[in-house]
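S.K.: One structure is given below, represented as structure tokens, and several questions about it will come after.
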């Protein structure tokens, strides 16, 4: 355990903002108290907590420092604006700093004894493919007895532990705590999905990465970043010296990936490509099959025939990224290729829903929720569907509106039947979201427009003809739907199973 004064003094930005900490301990008697935890939530401050009041997009959390202290916090670190607005009246220990982002990360890393300095971290960033790529890397590491934690969109997990995630990349206080717990559990590695939000908000400050992977960059999150250049700039932060301490693994087929490659020293980069033989890692002799892909990996350590259980070219790129990362981390490439055959897959990623051996239609659930990922999923499914390809999809509310007509156009062009439905409308009008999507669909194409997602899934599966394929896109692993401000239970896979049972009853 650490005393408050010692913890605060370990962060240079705090010392610079409050030099009196070193000389005037009587000004803040709490400096001698033991810190039992960190919290950015003023309502969750048990006795002994240090409250860190982070500014948000709508409100400055630091303005609630008094509530945090009343709840049990021994001190608060807040923004200068918050302290000016609500100055201490009774000698409370409240410290203002100009920029809370590095301070929060610094305090969290120090409190949890800098777990990232012991763990070997692998960071995976990109619009699409983060989850599958990170699962593959974690799988390859564990298969070769390199114990690894996984932190990402679905969960934080390691052998014997799993907890559902609330964010793709946790906030700094939670992230450092999870890394410390992973280290304490005996893990040597931690494979992390690193979102653009996390990079822009400094959540992964105090983390140095032995390997950083860039999968691709396509339109998403423009409600947050504003422009594609801002979005790219956020992703590119992972490849700065402050984060990248080892090798970058970059998709050469992506134009933004090529820009990253051009910025970095050649000996610090592994490039990969599905088709381009100038890359360090590429494939040849490909045979795309309904159950996966067969071919040959070409690597700096030789050629390896493979059979991957993951369908589609986009998944092949994810496998290449994982193989390249594993090779950099010292894994045996032949063993990785052998283990690939038994990779269990990722929940909600081109996940087949089948209730009987003689099922006469294919049903797949995928997380595709961007124009590029929807296109990839449809193209991956198309060759193996003898009948019609039916695509059920929607777009989330309170998110990037500009991608809605793009997704409508892609579904209409690549599927035989586009079924436009609700995703997570949140606080937007669901009918307006549907209208935005339909704007991208040519007038000579007639989509089904069914606002209720369960109804859309049941109707599509009920009316599918033998040989048809139904792709349910957008939610993947999610087991909820957000309507207004309410989160209700909803799972595309459960709905698909129910619809299939009714189809055959």
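Here the Cβ of each residue, glycine as well, is placed from N, Cα and C on the backbone.
Residues or ranges marked as ATP binding site in Swiss-Prot (evidence: sequence analysis): 126, 127, 128, 129, 130, 131, 132. The N6-carboxylysine annotation in Swiss-Prot covers 235 and is backed by sequence analysis. Swiss-Prot lists 399, 423, 424, 425, 426, 474, 478 with the feature meso-2,6-diaminopimelate binding site, giving sequence analysis as the kind of evidence. According to Swiss-Prot, the feature motif 'Meso-diaminopimelate recognition motif' maps to 423-426.
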S.K.: Looking only at C-alpha atoms, tell me how far residue 126 (ATP binding site) is from residue 399 (meso-2,6-diaminopimelate binding site), rounded to the nearest Å.
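M.R.: One finds 18 Å between the Cα atoms of these residues.
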S.K.: Measuring CA to CA, name the entry from the binding-site residues 127, 129, 132 that ends up nearest residue 426 (meso-2,6-diaminopimelate binding site).
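M.R.: With Cα distances computed to residue 426 (meso-2,6-diaminopimelate binding site), the winner among 127, 129, 132 is 127.
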S.K.: Work out, from DSSP, the number of helix, strand and coil residues along the motif 'Meso-diaminopimelate recognition motif' (423-426).
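M.R.: Output for the motif 'Meso-diaminopimelate recognition motif' (423-426) reads 0 helix, 1 strand, 3 coil.
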S.K.: Give me the count of other Cβ atoms within 10 A of the Cβ belonging to residue 132 (ATP binding site).
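M.R.: Result for residue 132 (ATP binding site): 25 other Cβ atoms within 10 Å.
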S.K.: Which of the listed binding-site residues (126, 425) has the least company, meaning the fewest other Cβ atoms within 10 Å of its Cβ?
M.R.: 425
S.K.: Say you check the Cα of residue 478 (meso-2,6-diaminopimelate binding site) against those of the recorded positions 127, 131, 235; which is nearest?
M.R.: 131
S.K.: Can you list, in sequence order, the residues of the same chain other than 126, 127, 128, 129, 130, 131, 132 whose CB lies within 8 Å of the CB centroid of the ATP site?
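M.R.: Same chain, not in 126, 127, 128, 129, 130, 131, 132, Cβ within 8 Å: 124, 133, 193, 215, 216, 318, 373.
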S.K.: Near residue 426 (meso-2,6-diaminopimelate binding site), how many other Cβ atoms are within 10 Å of its Cβ?
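M.R.: Within a 10 Å radius of the Cβ of residue 426 (meso-2,6-diaminopimelate binding site) lie 18 other Cβ atoms.
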S.K.: If you draw a 10 Å sphere around the Cβ of residue 131 (ATP binding site), how many other Cβ atoms fall inside it, taking every protein chain shown into account?
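M.R.: Its Cβ has 23 other Cβ atoms within 10 Å.
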S.K.: Between the Cα atoms of residue 474 (meso-2,6-diaminopimelate binding site) and residue 128 (ATP binding site), find the distance and write it as a whole number of Å.
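M.R.: Residue 474 (meso-2,6-diaminopimelate binding site) and residue 128 (ATP binding site) have their Cα atoms 12 Å apart.
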